[in-house]
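These features come from TrEMBL:
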TRANSMEM  36-56  transmembrane segment
TRANSMEM  68-92  transmembrane segment
TRANSMEM  112-134  transmembrane segment
TRANSMEM  146-166  transmembrane segment
TRANSMEM  178-202  transmembrane segment
Amino acid sequence: MMTPLFKGFLLSLSLIVAIGAQNVFILRQALANHYIFIVCLLCFLCDVVLMCVGIFGVGEIFAKNQILALILAFCGVCFALYYAFLSLRAVFANSIKLQLAKEKLPSLKKVITLTLFVTLANPHVYLDTVFLVGSAALNFSFDEKILFALGALSASFLWFFSLGYGAKFLSSYIKPNIVKIIDLFVCLIMCMVAYSLILYILERI
């Protein structure tokens, strides 16, 4: 029988490693070698807040209130389709380059804003961290929830910083045109996310 710590680690890792807007944003920042630590840290801290909120209370509210879950899922569809559009548009933009000039790179303030937007404006993040992770901890005691949270957050920390600095290490081996391939891949993934959320909605109405 798995311990709450191990359960939290595996569940969190299985949700985080799925390619999505947040992971691709980290990847792009890492390839540009631009404020990688700040981006990874912000993503992790957002997970700390959202997972703890889900594990220690709000997850139960979402688990018992289908209307809230449906509203969140609908917002997720809108976000995924919008992000897919932006990614597809970027594929055909002539100005996209992987090796950006330093003066063209976004400021720290803008990087922080973009990181928070990509993380917190995506309702799918709430479905994963608050609803799914929170629901998985419903039957645990308070002490077990603490262990579960530690496991989940350990996976989050390990993944974000491994992705960011791993991509930075490989950036010198990646050609600029890879960015367009990444953007196209993001578009396809976001369409799949939207499709999965639409199915989620249809199954519950």
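Even glycines carry a Cβ here, placed using N, Cα and C.
Note that TrEMBL annotation is computational and uncurated.
Only sequence-distant pairs (6 or more apart) were considered; of these, fewer than three Cβ pairs between the transmembrane segment (178-202) and the transmembrane segment (36-56) are under 8 A, so the stretches are not in contact. Here the transmembrane segment (112-134) has long-range neighbours at 8, 11-12, 15-16, 20-22, 25, 38-39, 42-43, 46-47, 50-51, 53-55, 57-60, 62-63, 69, 72-73, 75-76, 79-80, 83, 106, 152, 193, 197, meaning same-chain residues at least 6 beyond its ends whose C-beta is under 8 angstroms from one of its own. Outside the transmembrane segment (68-92) by six or more residues, the chain places 21, 61-62, 121-124, 126-127, 131, 180, 183-184, 186-188, 190-191, 193-194, 197-198, 200-201, 204-205 with a CB less than 8 A from a CB of the stretch. Long-range neighbours of the transmembrane segment (146-166) within the same chain, counting only residues 6 or more positions beyond its ends whose Cβ lies under 8 Å from a Cβ of the stretch, are 3-13, 16-17, 23, 26-27, 29-30, 36-37, 39-40, 43-44, 47-48, 51-52, 55-56, 133, 136-137, 140. Beyond the transmembrane segment (36-56), the same-chain residues lying 6 or more positions past its ends with a Cβ under 8 Å from any Cβ of the stretch are 12, 16, 22, 25-26, 29-30, 62, 108, 111-112, 115-116, 119-120, 125-126, 129-131, 133-135, 137, 145, 148-149, 152-153, 156-157, 160-161, 163-165, 168.
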